[in-house]
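Features of the protein shown, as given by Swiss-Prot:
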{"type": "BINDING", "residues": "9-16, 56-60, 118-121", "note": "GTP 1 binding site"}
{"type": "BINDING", "residues": "206-213, 253-257, 318-321", "note": "GTP 2 binding site"}
{"type": "COMPBIAS", "residues": "172-189", "note": "compositional bias 'Acidic residues'"}
{"type": "DOMAIN", "residues": "3-166", "note": "domain 'EngA-type G 1'"}
{"type": "DOMAIN", "residues": "200-373", "note": "domain 'EngA-type G 2'"}
{"type": "DOMAIN", "residues": "374-458", "note": "domain 'KH-like'"}
{"type": "REGION", "residues": "168-191", "note": "region 'Disordered'"}
Amino acid sequence: MIPVVALVGRPNVGKSTLFNRLTRTRDALVADFPGLTRDRKYGRAFLSGYEFIVVDTGGIDGTEEGIETHMAEQSLAAIEEADVVLFLTDARAGLTAADQAICEHLRRREKTTFVVANKVDGIDADSACAEFWALGLGEVYQMAAAQGRGVTNMIEYALAPYAEALGLNRDGDEDEDEEEREYSEEEAEAEQKRLQDLPIKMAIIGKPNVGKSTLTNRILGEERVVVYDSPGTTRDSIYIPMERDGREYVMIDTAGVRRRSKVHETVEKFSVIKTLKAVEDCNVVLLIIDAREGIAEQDLGLLGFALNAGRALVIAVNKWDGIDQDIKDRVKSELDRRLGFIDFARIHFISALHGTGVGHLFESVQEAYDSATRRVSTSMLTRIMQMAQDDHQPPLVNGRRVKLKYAHAGGYNPPIVVVHGNQVKKLPDSYKRFMMNYYRRSLKVMGTPIQIRFQDSANPFEGMNTKKLTVSQERRRKRMMTHIKDKK
């Protein structure tokens, strides 16, 4: 399960700056996900081989009343969900009463906490950070989030003790090399067999009261999950193993994600974290949309998170029974207009309550998983690359034509194609999209996003120790050149 890192601290200590750097966004507001409280932001981060969810819990004012209300209502539940807590302080401002009050709450939670002294640029960092040792939470780590100094080392140190338990790769470079290396036929076949033998993890996500638990019960044929006509019945993600048509599955019924203004209870506010972790943990996402309400911003937010995670996708429009034909036409038109960018995903119109169309969902889930784990040979990928070049030549870069040499599989679930060549990293985004769509059409990939990575081929002579000619060698070279000229 992907770990959660919570950023805790008083206002203006640099939490949003660190959040933006970890999530590689320019504005923390772009990660202000529907369903979270106003002061909480989340994002998906990948740094130095570690993949994790980072949560900014918002500033805490430090007053007794503020600590009791803000910490209890917004931050304590987030800290409970977190695997690691980064307690940010301001090295320039020094230790304050607010820092000490927050420290007391963190100590009572008995969570793994790292004290981070931010804004150490331009000052005597060791002297400025000395007083933070009085907090009694262990070593004080120095960081300048705005410049990125110390960020990578901090994350590596914070997550390294849990790397094995959380299934993380300690060395990011090794992970990248493994991901982009060319599989041999035996290795590719073994990897595909391993994936095919594993149960398919299918996460059912969507807004509250769209019928996720009803669909789960319909599939299982039993009242396994509590169903009630009220949003927020499911508070946690429920993992349910099952078998269908000789294939093993693990269904994940997740809590719904609502608009922030409609989220009042603390326990519900943070159930969204479990939903996001379930998306990271699954193989196929089944997004449920309410036909009566149409596509909401929460649906698009969940859809974006699933795509960013590279998960295979199936969409089910629920409550399709009992609505007028003109409403059905309007919903289909809206789906075409707003979901045109995911034309690879199958869309089903179902009634979870009555079972209409539910049986066909598994056909699309199986198809999406097969596409995500399908093995394609290097020769086939290279041949498709050559066909794409013939149809549309790469553009000129610095007066030279970009040359694509060969392609190979770089990974599964989602399928990754690595294209090697000269100056390929300088290709414009438009040509990269052309290549991605060309591979999708040629391979007939359905139900899963496909990733195209471009790798510049290494110069075989780069770094070679070219020795300077000796005096005798230089004279001999001149005699040979003179002899060649005389012959002409």
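Cβ coordinates come from backbone N, Cα and C, glycine included.
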Cα distance (Å, whole number) from Val120 (GTP 1 binding site) to Gly206 (GTP 2 binding site): 43
Count of other CB atoms lying within 10 Å of the CB belonging to Thr254 (GTP 2 binding site): 27
Those binding-site residues listed as Asn12, Thr57, Asn209, and which of them has the most Cβ atoms within 10 Å of its own Cβ: Thr57
By Cα-Cα distance, the member of binding-site residues Gly9, Thr57, Val120 nearest Trp320 (GTP 2 binding site): Thr57
Using Cα positions only, nearest of the binding-site residues to Thr254 (GTP 2 binding site) (Gly9, Asn12, Lys15, Thr57, Val120): Thr57
Secondary structure at Lys212 (GTP 2 binding site), reduced by DSSP to three states: helix
DSSP three-state assignment (helix, strand or coil) for Val120 (GTP 1 binding site): coil
Distance, Thr57 (GTP 1 binding site) to Lys212 (GTP 2 binding site) (CA atoms, angstrom): 28
Per-region confidence, the domain 'KH-like' (374-458) (mean pLDDT, whole number): 89
For the domain 'KH-like' (374-458), the number of residues DSSP places in helix, strand and coil: 32 helix, 26 strand, 27 coil
